[in-house]
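For reference, the structure discussed in these notes is given below.
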Number of protein chains: 2
Amino acid sequence: MGYTKDDELAINTIRLLAVDATFKANSGHPGAPMGMAPVAHVMFNKFMNFNPKNPDWLNRDRFVLSNGHGCMLQYALLHLFGYKLSMDDLKAFRQIDSITPGHPETQDTPGIEVTTGPLGQGFSNAVGLAIAQAHTAAEFNKPGFELVNNHTYCFFGDGCAMEGIASEAASTAGHLQLGNLIMVYDDNHISIDGDTKVAFTEDVMMRFEAYGWHTQWVKDGDHDLEGIEKALQIAKDVKDKPSVIKLTTTIGFGSLLQGTGGVHGNALKADDCKQVKKKFGFDPEESFVVPQKVYDMYHAHAAEGAAKEQEWNKMFEEYGSKHKAEHADLLRRLSGKLPEGWEQKLPTYKPGDKEQASRKLSEAVLEAIHEAVPDLIGGSADLTGSNNTRWKNAVDFQPPVLGIGDWRGRYIRYGVREHAMAGIMNGIAAYGTLIPFGGTFLNFVSYASGSVRLSSLSHCRVIYVATHDSIGLGEDGPTHQPIETLAHFRALPNMMVWRPADGNECSAAYYVALTSKSTPSILALTRQNLPQLENSTLENGIKGGYVSVENEKADITLVSTGSEVCICIEAVKYLKDNHNLTARVVSIPCFEVFDAQSKEYRLKCLPDGIPSLSVEAMSTMGWERYSNEQFGLNRFGASGAYKDVYKKFEFTPEGISKRAVSTVDFYKGTKVRSPVNRAFQQLI
Amino acid sequence: MGYTKDDELAINTIRLLAVDATFKANSGHPGAPMGMAPVAHVMFNKFMNFNPKNPDWLNRDRFVLSNGHGCMLQYALLHLFGYKLSMDDLKAFRQIDSITPGHPETQDTPGIEVTTGPLGQGFSNAVGLAIAQAHTAAEFNKPGFELVNNHTYCFFGDGCAMEGIASEAASTAGHLQLGNLIMVYDDNHISIDGDTKVAFTEDVMMRFEAYGWHTQWVKDGDHDLEGIEKALQIAKDVKDKPSVIKLTTTIGFGSLLQGTGGVHGNALKADDCKQVKKKFGFDPEESFVVPQKVYDMYHAHAAEGAAKEQEWNKMFEEYGSKHKAEHADLLRRLSGKLPEGWEQKLPTYKPGDKEQASRKLSEAVLEAIHEAVPDLIGGSADLTGSNNTRWKNAVDFQPPVLGIGDWRGRYIRYGVREHAMAGIMNGIAAYGTLIPFGGTFLNFVSYASGSVRLSSLSHCRVIYVATHDSIGLGEDGPTHQPIETLAHFRALPNMMVWRPADGNECSAAYYVALTSKSTPSILALTRQNLPQLENSTLENGIKGGYVSVENEKADITLVSTGSEVCICIEAVKYLKDNHNLTARVVSIPCFEVFDAQSKEYRLKCLPDGIPSLSVEAMSTMGWERYSNEQFGLNRFGASGAYKDVYKKFEFTPEGISKRAVSTVDFYKGTKVRSPVNRAFQQLI
């Protein structure tokens, strides 16, 4: 309360930084920053705790700009508060190799919590951050030590409000009664197609009420700083519901085009820049101006934040003396390392051990390691019994008042909300104390593509437990049988797609997934049983590929993954018995990891001189990189008992052998080059 | 009204067919059919018009089972009404090559309007069907000739209600005031994880009210047939809003496990089957029983439908005499053919014509053909000005009362709802009178993956106008720059992914997209300008690949698409000038279409004996099929001016040449095999 001209000056400074940066870049979105500068000013200065000198302080309040195209707002704030983001960085907005890219990216810019821009993602990340806070608080806070009590603040616009992922996440947050989550909806009536009346006329606040949120409306978001502050305070005081404040603002406030689509995604024209500066009392000829008063005000709040962190550090030290184990555990978690010796818990198998579906093998891993790795927090998009994602004694993560779990619970009921599950997992991972995993059918990981991509881009350690990974799921049929899915995610940079052939490969997949701090994983797992194979060991598995069956003077190499490896092994016998051909088998459970091995090793697996045939019951796309010829399924599957489906499409020892014979014949007398031998290195 | 024991008998017959079929298959979902049999009985018999002998009758009421796992309900109904679905077909439920697969598939089964199962899809398809009805009515109905006045009915469950795509579609339908759309929400409190209270506690009806729907609640969906009928009648009478009826039912009604998750996705145990039959007054030892009374009742309603169609046919004939042009146009549309000579309107270009972004070239196509092809109905997910999807004089498809368009409008404002846009387009295509296209950035087609997959699986002629197709979009940066996207959709069966290099290729892409009646297309289009190329002709383009620059005794073939083709052409000169190497260039705008050409033709493009290098500024995955070596981007992009980004990643004549030289050196002295030469044919 008690806002003065200085506040107005600060707000206008932010607006003009957005005007200047987008003008200089001749690209970007000035409208949202100009409209949201007032609420940002109030929220950051009056409510949020953070220390720009240590953006990693655990108990900082989190801020997510879900309407990430408005990132000049965020960059301006980071600069004003004294994060490592200079005026030159602002001037390099949207220029190559700057730390101020067109949308906020967490890996590039200090103070950016999550990568946003693709609409709706930040919204779901914020829900994940709030979940992680609630869980971490329940796990580590002790009487007298409220170590973790931060809030998560999020801005979103009409675009996010329209996206399905945000609806899913909002429904989840309402169910979970996340009182630590405060969102501001920028109700500016404008999206790229112009007035939202052309497509978006629902009652957004009524919808959020239906989800179980606390809702408020501040009608003059352009000027009513008191109203904004009051609403934020009320939201903060609501402890048993997430809060949303509808804030009616004027997009591009101050511009000649204010309130129109013209100011949404285009820089202001030169004369408009001048008039708005004049209107705000700035020199129209100058650019990138920050009055010292504004720096002083913002630096003062930054100093308060630094002081709060200092106090916190003291408390944490004391906590360490009283709660040694928890202190050590929290420090370890923040370092990204796993507890010493955890990997000893990973199940191992020997040939002849019981046949099991790899979804069951995955369950066995979770059962075995969940105590050793307390960072793990799992769930499923309403397929718990099918994904086998829940260890026996798991407690649900639920608001205690529901009587079906508590905040310490490590199992999240995501509901049938794949996209939000993935976005929430990215948010949980970003919090810093947890490693999330979440289950759905492999085919429906595609529903979450938007978030899966951001797991990769923003280096989140998240694990997708993707069961029912092929036509082997049988009766559910083509609507559920993945064909293109592995190709899709294998083509995604910084994503490990694992398709284990048996128990040891499954344990290896978890080992690499959990120890890779900045790479997400998809584990493609079967519904049907698989035998435990010779030569499958943890050590081999973690190389991403290895020789499963070696044979000297082989006529052909069969290269395969997952449930088709054991059929290839049967085909070796069939080929010898029926065609007097000698085959060897290579299992490549993870392309990304195999590619990282030395060329020498890869050539040992896939040597020159022997033609190779890949076998995988889905799209052959991408297999040309590891084989000369490909046997797969470049069509949709079929509904039926899984053995019938495999037979129909000839994924049998006979079917494989037929193609192996063709391959051997085709390459007879030629010098076969290993696909590992390439003319040049790829850019990475 | 006036329901008797016979109605109960019919309802229980449906329930038991679901029990028997899932028991025989030992797989499937008996719960939803047993719970929803009452509403289905009332709705189909008292409200819906259809002729089982002609499932294609234009003015039939449409039914969508969005909770497609409950398909035994639908199969039972189709059988009882006399569609071509025999008792043997019911007995073959979920067996290989049956017409009763695990989820309903439109291409396999007469009477199935759309393929459902992936949750939320049917919901959005229903919105599309309703849009198509409203538009077709506005276009073709005349005074005295209400040719098209059908309703779209849809069932959905908790799973669909949780999915973001359904939220998006519901918001859209509410905005559009689709009074012809009636949905029934199966409020059975059970999903796969058990009681919905673990994850889904929102007020669903309040949410639909917020979207602008008319809502009702029938509290005893198991028994209250009068209440169901009344609610459906009220819903039908509401003309200015879509309607949803919350129907509280008992999942697996009659089973010992009724009301629990145990009956959702598993067949009943043998003794449970017996007890439920006994409870319903059936012989517990018999299976697949339909009392003649029930057949009679259902056949009587089918006969009414057939009579209605006959009346309609008479009306349509009369319509033909009074409105000849419209009559002919409608018949043509229903045949799937395009108007004669439409292709003459396609723009063509010659080398030297103005450089243009392919998104602008796409706009030019739409501008040129929209009058000739009145079936086209387009839109964008709130990126109209960026996707260039709107011809100049387009009218918006809007409820007339809003004053910003009308039902005859052919431009749909989808809002920021990519997934629903795609699902709605599938529904529009399924209606039979329209060809939908919709725009978003290529990167955000991924948000719609779930529906895009169903476009392919269910053979929908829909066109995705996917602009901003690469790092060439520049400043928006890695969050918006596709890397994996083309590999993903190229791996999807029955999908044409086009990436035109210039104007003629763009016209060719539209030509093939529009004339392929059962294959969807994605057109990947640039933001940046492209020159018009030599040898690019409609005729070449429609082959999906052709020689762009021929050179005798070439040292290397450069294979490329879209915006990289012109850089490859520059590289030809660079290679000659700097390395004295002779290169040729092949453009492959569409893999799927190129693959369909004769081997002879493909070998002419990609001959043996010359090493080849692919060039595309995204994932190299899949390019091994068309080239010996690959130059691409297996990492995320960068935010900056597009030329800077291209330079950073070396997509320049120099960068290409460097790799071409490596390729030539690498293959020197070896017998290079064309990638077109394969050992065996793939299954298709």
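Backbone N, Cα and C atoms are what each Cβ position is placed from, and that goes for glycine too.
Where the annotation comes from TrEMBL, it is an automatic prediction and has not been curated.
Among the candidates B:H103, B:H135, B:H264, B:H299, the one that TrEMBL lists alongside B:H29, B:R359, B:S386, B:H468, B:D476, B:H480, B:R527 as binding substrate is B:H264. Cβ environment of B:H480 (substrate binding site): B:F441, B:N443, B:H468, B:L473 lie under 8 Å away, each six or more residues apart in the same chain. Here B:G159 (thiamine diphosphate binding site) comes close to B:N67, B:L119, B:G120, B:S191: these same-chain residues lie at least six apart in sequence, with C-beta atoms under 8 angstroms from its C-beta.
There are 19 other CB atoms within 10 A of the CB of B:S386 (substrate binding site), with all protein chains counted. The recorded positions close to B:F444 (thiamine diphosphate binding site), defined as a CA atom within 10 A of its CA, are B:E418 out of B:H29, B:H264, B:S386, B:E418, B:D476, B:R527. Taking 8 Å as the upper bound (exclusive) on CB-CB distance to chain A, the binding-site residues B:P118, B:L119, B:H264, B:R359, B:H480 give B:P118, B:L119, B:H480 in sequence order. Checking the recorded positions (B:G117, B:S386, B:E418, B:D476) against B:H29 (site 'Important for catalytic activity') with a 10 Å Cα-Cα cut-off leaves nothing. In sequence order, B:G68, B:H69, B:C71, B:G102, B:H103, B:P104 are the residues of the chain that are 6 or more apart from B:G117 (thiamine diphosphate binding site) and have a CB within less than 8 Å of its CB. For the binding-site residues given as B:H264, B:R359, B:H468, B:R527, the lowest number of other CB atoms within 10 Å of the residue's CB is seen at B:R527. Of all the recorded positions in the list B:P118, B:N188, B:I190, B:E418, the shortest Cα-Cα distance to B:R527 (substrate binding site) is found for B:E418.
B:D158 (Mg(2+) binding site) counts 25 other C-beta atoms within 10 Å of its own C-beta, drawing on all protein chains shown. The binding-site residues B:L119, B:I190 differ in how many other CB atoms lie within 10 Å of their CB, and the one with the most is B:L119.
Around the Cβ of B:N188 (thiamine diphosphate binding site), a 10 Å sphere holds 28 further Cβ atoms from the protein chains shown. Closest in space to B:D158 (Mg(2+) binding site), of the binding-site residues given as B:N188, B:H264, B:D476, is B:N188, taking the CA atom of each residue.
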